[in-house]
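Asker: Here it is, the structure in full.
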């Protein structure tokens, strides 16, 4: 059985279509560029020199898919070209600085009170011979200490 010209044409067309399908599904690159993973391809490029002053208070980035520049604004600025000051950000930053300052001041005062308290406790417990501590203790000393036959801390007298 000899194939007809129509059958040969269909066979050749099938081979060409199979080859085209194989090329479309191929993972090998058709160009000389190395393959790039999808996660590495960025949606942004650096702006061309013609757009270096596009953003007023920010960094210019070029959107690849939309083929137009966009801005990444510095802190405290908003807008398409970072042209507006963000007053809420300025107020929030100021309030944050005030809160930090207040926290530092309160911490320093609390630390000073703690140190003074520790010094007073040490002075009054260990060094009762200190005149200032003795005056402080004697002011708060109860007379019952004198009545029980103990030595008073303020006077070296013993009550019998």
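Using N, Cα and C of the backbone, Cβ positions are placed for all residues, glycine too.
Okay, so Swiss-Prot annotates it like this:
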| type | residues | note |
| --- | --- | --- |
| DISULFID | 47-60 | disulfide bond |
| DISULFID | 55-71 | disulfide bond |
| DISULFID | 73-82 | disulfide bond |
| DOMAIN | 43-83 | domain 'EGF-like' |
| CARBOHYD | 25 | N-linked glycosylation site |
| TOPO_DOM | 24-98 | topological domain 'Extracellular' |
| TOPO_DOM | 125-160 | topological domain 'Cytoplasmic' |
| TRANSMEM | 99-124 | transmembrane segment |
Asker: To the nearest whole angstrom, what is the C-alpha distance linking residue 55 (disulfide bond) and residue 82 (disulfide bond)?
Answerer: 6
Asker: Return one of helix, strand or coil for residue 60 (disulfide bond), based on DSSP.
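Answerer: Looking at the DSSP assignment, residue 60 (disulfide bond) belongs to a strand.
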Asker: Round to a whole number and give the Cα-to-Cα distance in Å for the pair residue 60 (disulfide bond) and residue 71 (disulfide bond).
Answerer: 5
Asker: Tell me, if you would, which residue among 47, 71 (disulfide-bonded residues) has the fewest other CB atoms within 10 Å in the structure shown?
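Answerer: So among 47, 71, the disulfide-bonded residues given, the one with the fewest Cβ atoms within 10 Å is 47.
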Asker: Please report the Cα separation of residue 47 (disulfide bond) and residue 71 (disulfide bond) in Å, rounded to an integer.
Answerer: 10
Asker: Cα-Cα separation of residue 71 (disulfide bond) and residue 82 (disulfide bond), in Å?
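Answerer: Residue 82 (disulfide bond) has its Cα 7 Å from the Cα of residue 71 (disulfide bond).
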Asker: Just counting, how many other CB atoms are there within 10 A of the CB of residue 82 (disulfide bond)?
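Answerer: Other Cβ atoms within 10 Å of residue 82 (disulfide bond): 21.
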Asker: Are there any residues at least 6 positions away along the chain from residue 73 (disulfide bond) with a Cβ closer than 8 Å to its Cβ? List them or say none.
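Answerer: Non-local contacts for residue 73 (disulfide bond): 55, 57, 58, 79, 82.
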Asker: Quick one: average pLDDT across the domain 'EGF-like' (43-83), no decimals.
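Answerer: The answer is 87, the mean pLDDT of the model over that range.
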Asker: Would you identify which of the disulfide-bonded residues 55, 60 has the most other C-beta atoms lying within 10 angstroms of its C-beta?
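Answerer: That would be 55, with the highest Cβ count within 10 Å.
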